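Student: Take this structure first; my questions come after.
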Amino acid sequence: MIIVKVGGSAGIDYDAVCADIAALWKEGQRLVLVHGGSGETNRVSEALGHPPRFVTSPSGYTSRFTDRETLEIFEMVYCGKMNKGIVERLQRLGVNAVGLSGLDGRIFEGRHKDSVRAVENGKVKVLRGDHTGTVEKVNTGLIELLLNAGYLPVLTPPASSYEGVAINVDGDRASAALAVALRAEALLLLSNVPGLLRAFPDESSLIREIPAGDVESYLEFAQDRMKKKVLGAAEAVQGGVGRVVFGDARQAQPVRAALGGAGTVVA
Ligand code: ADP
C-alpha cells in the first residue's frame, strides 16, 4: 500500500500525476491518492471578494484562518473543482476513482480548534471562529471497502470534528495519519519543489536523505508550509510507515520518480 499526496501549489502537473497513478494502479499497486488545493483556493477567494488570511503561530507555523465563509470556499475548491478534476482525469484513463472528503463517512476525524494564537504586528492575538483541527482518527474500514471493491479513493480535506462540524486540516499531516492507519509502506508528498531544500529556493541544495530518527532536526530548513510536510513525515515514520519521500510533481512520472528515491527520502 502506498499513499500519494499531491499538493495544491502552482506548477503541479496533475495530468502527469494521474497518468502515473493510473499506470501503477493497473499494474496492481494498492494506493490511495490525497490532494490539496491551496493555490486555487487563494485565487477563488480573491475572485469572490473574501481574500485568504494566513496566520503564523508563535511557534512559526503558518495556516489559513478558516472562518465559515472561507470554509465554504475551501469546500467548493477542494471537494468540487480539484477533487472532481482529478477523478475525471482518472476516469478518462480507465480507473474507477471515487472522490471523497474527510467529512464523508468521517474518513478523517479530529478535534475542532475554534481559536488560534497568531502573531500579528509583533503581538500574540487569539483569533476565534476558526474551523480548523488535526486528524486523530481515520475510518480505514471505508477506505478498505472501496479498495477491496476495486475503487481508487481520491481524498481531500476538510475533516469532520467529533461533533460533525467540517474542519480544515493540513493535507500532509492527514496523509501521514492515513499512511499510519493503513500501515502503508510508503508515503509520497508531491509538491512544486524537488524536495526539502537546505537553502530554499536554491534547488541545488536538495537534501537527499533524512534519517527516520532525526526528522525534527530538519525543521530548521523548512519555512512556512514546508514545516507541515516535515512534521507529517516525522509522524508517519514514527507511526511505522516504511519511508516518506518529498517529491517533485512538476515533471513526467512524478510518482515513479519519488518511489525510485528522487527527492528527499525520509527512512
Ligand atoms: P503543496 O500545497 O504543494 O503541498 P506547500 O505550498 O504546502 O505545498 O509547500 C511547499 C512549499 O514550501 C514550496 O513551494 C516552497 O515555497 C515552500 N518551502 C519553504 N521552505 C522550503 C524548503 N526548505 N524546501 C522546499 N520548499 C520550501
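Yeah, the Cβs are placed from backbone N, Cα and C, and that goes for glycine too.
For reference, TrEMBL lists these features for the protein:
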BINDING   Arg64, Asn168  substrate binding site
DOMAIN    1-246  domain 'Aspartate/glutamate/uridylate kinase'
SITE      Lys5  site 'Transition state stabilizer'
SITE      Lys229  site 'Transition state stabilizer'
Student: Are there any residues in the same chain, six or more apart in sequence, whose C-beta is under 8 angstroms from the C-beta of Lys229 (site 'Transition state stabilizer'), and if so which?
Tutor: Asp172, Leu189, Ser191, Leu196, Ala222, Phe246
Student: Which site among Lys5, Arg64 has the most other CB atoms no more than 10 Å from its CB, taking these as recorded positions?
Tutor: Lys5
Student: Applying a 10 Å Cβ distance cut-off over all chains shown, what neighbour count does Asn168 (substrate binding site) have?
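Tutor: Step by step: centre on the Cβ of Asn168 (substrate binding site), count other Cβ atoms within 10 Å, giving 23.
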Student: Do me a favour and check the Cα-Cα span between Arg64 (substrate binding site) and Lys5 (site 'Transition state stabilizer'); whole Å is fine.
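Tutor: Rounded to a whole number, the Cα-Cα distance is 19 Å.
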Student: Provide, as an integer number of angstrom, the distance between the C-alpha atoms of Asn168 (substrate binding site) and Lys5 (site 'Transition state stabilizer').
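Tutor: On Cα coordinates alone, these residues lie 16 Å apart.
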